[in-house]
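*Asks:* A single structure is presented below for examination.
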Amino acid sequence: MATTVHLSSFSLFIQSRGRRDNSISSVKSLKKRTGLSPSSALTSQGGRDMIPPQGKSNDHNSAFDFKLYMIRKAESVNAALDVSIVPLREPLTVQEAVRYSLLAGGKRVRPLLCIAVCELVGGDEATAMSAACAVEMIHTSSLIHDDLPCMDNADLRRGKPTNHKVFGEDMAVLAGDALLALAFEHMTVVSSGLVASERMIRAVVELARAIGTKGLVAGQVVDLSSERLNPHDVGLERLEFIHLHKTAALLEAAAVIGAIMGGGTEEEIEKLRKYARCIGLLFQVVDDILDVTKSTEELGKTAGKDVMAGKLTYPRLIGLERSREVAEKLSREAEEQLLGFESDKAAPLVALASYISCRND
């Protein structure tokens, strides 16, 4: 009989800071739209169970090392990305611009998520790798475009000058476009023969939907139109829309695609969709917190950029302490979606939620 995940064996008690505020009602709208209730942390009482930062269980029987797992998966993804890009040829500049951003490192959270989910439902790394690389290509494309002067006007990304600072705005736009096209080409060509055609079509549709006007693009549009708005005139519903679409949508797609490629059941796919939606929002809440609590050197990108741009963020809307409470609750709700899966196979995903909530960059 399969062993199920026990949250208590991956828990660490963290005392919530400050007093709980029971006056925020608009946060509850998220549960209606997503089937989740991450913001219910705003009305919670007492301490919360959290996972240790390195993803290691407090249970002496568990030897899972998430840090090592993450390093190994990142190495596999980096190697696959390196060979996925065609050899340099004319026009050289755009090829160099593509490689500059795609191979700049990073935590590779999205491809790791795709692979871990595929393995959880019975697949393997080889089956998921092309899709995982496609997700990272699209993520990198979105970062290149997001950093442009007409968008966020950022100078640093992953500790290096942004693409347009090195290659110019025109070449950065084209590099982002090229990565977007390469993602779908790579995913479909490399996976041919590994995955049934109907599953591949479903995965492609899932990914396309996540980055179009029903996903990432929609989030970016609302994000840009919300700059300089008075936070007192904007509810949490607008902020949650931005983050559900701009950040969570691609993480959700990474998980769902991994489940599809691995042959997951409909029930498994939906549970993992909810899990990814939780960690997607969690990722952005933590990102908002880090933007106002860490330095540029620590983040590898310009700290305080969102504040300077007048963007809507969780700390700006509900304060730093309540933002931490929301992050804490999201991590717990993500873990809850993994109940019923084999504990050994689910361990990377349990630890990933912890890693995102505890990350410092």
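Each residue, glycine too, has its Cβ placed from N, Cα and C.
Pulled the feature table from Swiss-Prot, pasting it below:
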TRANSIT   1-39  transit peptide
REGION    24-58  region 'Disordered'
COMPBIAS  36-46  compositional bias 'Polar residues'
BINDING   K107, R110, H139, R158  isopentenyl diphosphate binding site
BINDING   D146, D152  Mg(2+) 1 binding site
BINDING   D146, D152  Mg(2+) 2 binding site
BINDING   R157, K246, T247, Q284, K301, K311  dimethylallyl diphosphate binding site
*Asks:* Within 8 Å of the Cβ centre of K107, R110, H139, R158, which other residues of the chain have their Cβ, at the recorded isopentenyl diphosphate site?
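*Replies:* Going along the sequence, the neighbours come out as G106, R108, V109, E136, T140, L143.
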*Asks:* Within 10 Å of K301 (dimethylallyl diphosphate binding site), Cα to Cα, which of the binding-site residues K107, R110, H139, D146, R158 are there?
*Replies:* R158
*Asks:* Output, ordered by sequence, the same-chain residues six or more apart from R157 (dimethylallyl diphosphate binding site) with a CB under 8 Å from its CB, or 'none'.
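*Replies:* When sequence neighbours closer than 6 are ignored, R157 (dimethylallyl diphosphate binding site) has S101, A104, L143, D147, N163, G300, K301 within Cβ distance under 8 Å.
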*Asks:* Let me make sure I understand the structure: which of the binding-site residues listed (H139, R158, K301) has the fewest other Cβ atoms within 10 A of its Cβ?
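*Replies:* Lowest Cβ count within 10 Å among the binding-site residues (H139, R158, K301) is R158.
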*Asks:* Sort H139 (isopentenyl diphosphate binding site) into helix, strand or coil using the DSSP assignment.
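*Replies:* H139 (isopentenyl diphosphate binding site) sits in a helix per DSSP.
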